[in-house]
Amino acid sequence: MKQKILIRIAMTDDTTRAKAMKTAVQFKGVNAVEIKGDHRNQIEVTGVEVDMIALINTLRKKVAFAELVSVAKVEPPKDGDKKPEEEKKPEEKKPEEKKPEEKKPEPCCQPWQKPEPCYQPWPHDGYGVPSSYPYPCDPYNQIGEPVYNQDPNCRIM
């Protein structure tokens, strides 16, 4: 159920208004926030199933004193409320312009996956467990030692 909630907040400057709007927008279920009122001291919150009590308590903690002014249910427009001008106009068929299909670019790299460590098999001769069992043979799939450039182009003098 979509609803409009009007809340009066003790806002005196623009920074307080911005903080109140930011706090209200971050709340769960809120779709839109507007500043209303003659003194710009009210905000109108539009959303779906917004917990207004928790919203007011959060505004009181983070911004300033807040009180609930009104709550109104927003009904979607009905099909019978269409403008008569739209019904009188004959439907004109426009030639459809074909848009070229947009292809998504393929990623240049594969997503990172955690490598599976390999372990030595369990000794089956029954003489105990090695002290380092199980140990990964190559946990990061690195082959050999890293190679450092011995002759860099940039020299520090």
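Yeah, the Cβs are placed from backbone N, Cα and C, and that goes for glycine too.
Taken straight from Swiss-Prot:
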COMPBIAS  75-106  compositional bias 'Basic and acidic residues'
DOMAIN    2-71  domain 'HMA'
LIPID     C154  S-farnesyl cysteine
MOD_RES   C154  cysteine methyl ester
REGION    73-115  region 'Disordered'
The domain 'HMA' (2-71) - residue tally per DSSP class, helix then strand then coil:
23 helix, 28 strand, 19 coil
Return the average pLDDT for the domain 'HMA' (2-71) as a whole number.
93
